[in-house]
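Taken verbatim from TrEMBL:
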- 282-306: transmembrane segment (TRANSMEM)
- 298-546: domain 'G-protein coupled receptors family 1 profile' (DOMAIN)
- 318-340: transmembrane segment (TRANSMEM)
- 374-393: transmembrane segment (TRANSMEM)
- 405-428: transmembrane segment (TRANSMEM)
- 448-473: transmembrane segment (TRANSMEM)
- 494-514: transmembrane segment (TRANSMEM)
- 526-549: transmembrane segment (TRANSMEM)
Amino acid sequence: PLSHCSHFYDNPIQFVGQSAFQYLPKLHTLSLNGATDIREFPDLKGTTSLEVLTLTRAGIHFLPRRMCQQLPSLRVLELSHNQIEELPSFHRCQQLEELGLQHNKIQEIRADTFVQLLALRSMQVFWNYIQFIHPEAFVTLHSLTKLDLTDNQLVTLPLDGLAGLTHLKLQGNPALSEPFTKESFPKMRVLEVPYAYQCCAYGSCSSFFRVSSQWEAEDMAPEEEDPHKRTLELFPGHADNHYDLDADDLQLDLEESKLHPTIQCTPSPGPFKPCDHLFESWIIRLGVWVIVLVSVLCNGLVILAVFASPSYLSPVKFLVGSIAGANLLTGISCSMLALVDSLTYGRFARYGARWETGAGCRVTGFLSVLASQAAIFLLTLAAVQCSLSASCVRGYGKSPSLGKVKAAACCCLLLSSVAAVLPLFSIGEYGASPLCLPYPIPEGKPTSLGFTVALVMTNTLCFLTITGTYIRLYCSLLKGEFSAVWDCAMVKHVAWLIFTNCLLYCPVAFLTFSSTLNLFLITPEVIKSVFLVVLPLPACLNPLLYLLFNPHFRDDFRLLRQKGQDKGSFPQSCRADDMEKSSYDSTQALVNFSDIDHMCETPDSLGVRPILDSYSFPSMALIPCQQ
């Protein structure tokens, strides 16, 4: 007959009869692992001395309500990796000290589930579907020191009865964002929470937070954990049964012996998980506000000058205005971050988790990616349009029409929208940090790394295309080709855009590839500064280059002012003369106007000569670009 201790782990046993272990009064330990055909909890009538019961990796769906009546001496119960959906009341298991219910399908913990378990010290309920815990579920658990609720679906955690906890694990509950205080857990030593902001109450120095190696090891491979070994760890009191002393208890004893014990709280706060301010430096704060104001105001002026001016809207000029629209969206996304920093000033930890997981962060990230990608794609289109226009002028005497350029710009906007939408469908992540950017951060989960690398590679390819296209274009100009068909101001402006955007994108690409290779060579504070200031800086500089150095803006602004003053006062012919004079003053080297509304086709096939004859343009001396 079975007596004292029976272990059936690492055996090919798939099924055991329900009454196989009845009436064994001397049986103290029963371990059965991997009997997958067991669907019902065994009937242990008469086995009243059982103290340790391990029944794991089976197919048990429910526990009998009379289980504790049959096992009054039970001290360790390990039922992990089953299909248990509902728990009975354990109130008759008065001697129960260790309870393992991980990897089941439990959805709720009622008020009477653990009532009067005065001896219960450790409870493992991770990897379940727990959505609700009754506010009084833990009230009577006066001896409970370890509670593991990792990877559930908790929204709130009742704190009554948990003041004696020394170890608490709550990671993997994304909806659990409520902050905790030191008063909630006065004896806490190891705390793992869903968000770093919940660790802010336990210190502000990054070195104050350390990771428990024991618990980290458990997280590394929870599926490969040996249930028998875990049972041995859960029950340290039986030396005669060869149970090992729990490593967490040893660690706790060592910490309590120190004069100044520390709390090991993870994940740790840091520059990307700040406790007090989203922008931790006044230099960064002022820099972001300057970028917001300049980008919104200056890009608004560029859009007004380009699209509201009565002067001729060339394809390149249209693309410059479209780039200004994309840069304006960048300014708006930065303004949302600046507003959050202002509203949560000094108490960001209280709102950080809700901001990261909320719709506002997703909208901010969407606008940021949409704007940055649209600006890069439109700049690529502008460079290609200049080169293609030059080739068409040389071959056919005409450049691509504005309608075709608008269609290409719509395609760029569509591609940008697709890139911005992907993180909303879990391809990338906007909520990895409160900056709401899909770029990898130090010590963060690499969930968005593939998306970010693809994004950076695409942008790098665009910049290489832009650079090669413009080098070829400038080589043609240096040879004296197309000397009388170019708007030199716009060619030069696009060149400046290429130079500044390429230069400012290099740090972002460097950080991305450094993250891919796990080579963060600079501090997180500098990385955060790059994302907040350098990344949106082109949205600030692009319009300034147009407003300060491009003669088109001065002419367009003068026409807008005259239009406002002379509206309804002058006949249409006068305004037409002003438009022609402005076109001559600003460009000095425009195409001979036959390329305005036609694609790259032969002149004779389109009947261009009769069309040109119907126009009466003023004569002008075209100055070559080389001059």
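Any Cβ shown, glycine's included, is placed from N, Cα and C.
Long-range contacts of the transmembrane segment (282-306) within the same chain, counting only residues at least 6 positions beyond its ends with a Cβ under 8 Å from a Cβ of the stretch, are 313, 317-318, 320-321, 324-325, 327-328, 330-332, 334-335, 337-338, 341, 528-529, 532-533, 536-537, 539-540, 542-544, 546-547, 552-553, 556-557, 560. Counting Cβ pairs closer than 8 Å to the transmembrane segment (448-473), the top stretch among 318-340, 374-393, 405-428 is 374-393. Remote same-chain residues near the transmembrane segment (405-428) are listed as 315, 318-319, 322, 326, 362, 365-367, 369-371, 373-374, 377-378, 380-381, 385, 438, 447-448, 450-452, 455, 458 (criterion: CB distance under 8 Å, separation of at least six residues from the stretch ends). Here the transmembrane segment (318-340) has Cβ contacts under 8 Å with residues 278-279, 285, 288-289, 291-292, 294-296, 299-300, 302-303, 306-307, 355, 360, 363-365, 367-368, 370-372, 374-375, 378-379, 381-382, 385, 402, 405-406, 409, 416, 434-436, 490, 493-494, 497, 532, 536, 538-540, 542-543, 546 of the same chain, all six or more residues outside its ends.
On the 0 to 100 pLDDT scale, the domain 'G-protein coupled receptors family 1 profile' (298-546) averages 87 in the predicted structure.
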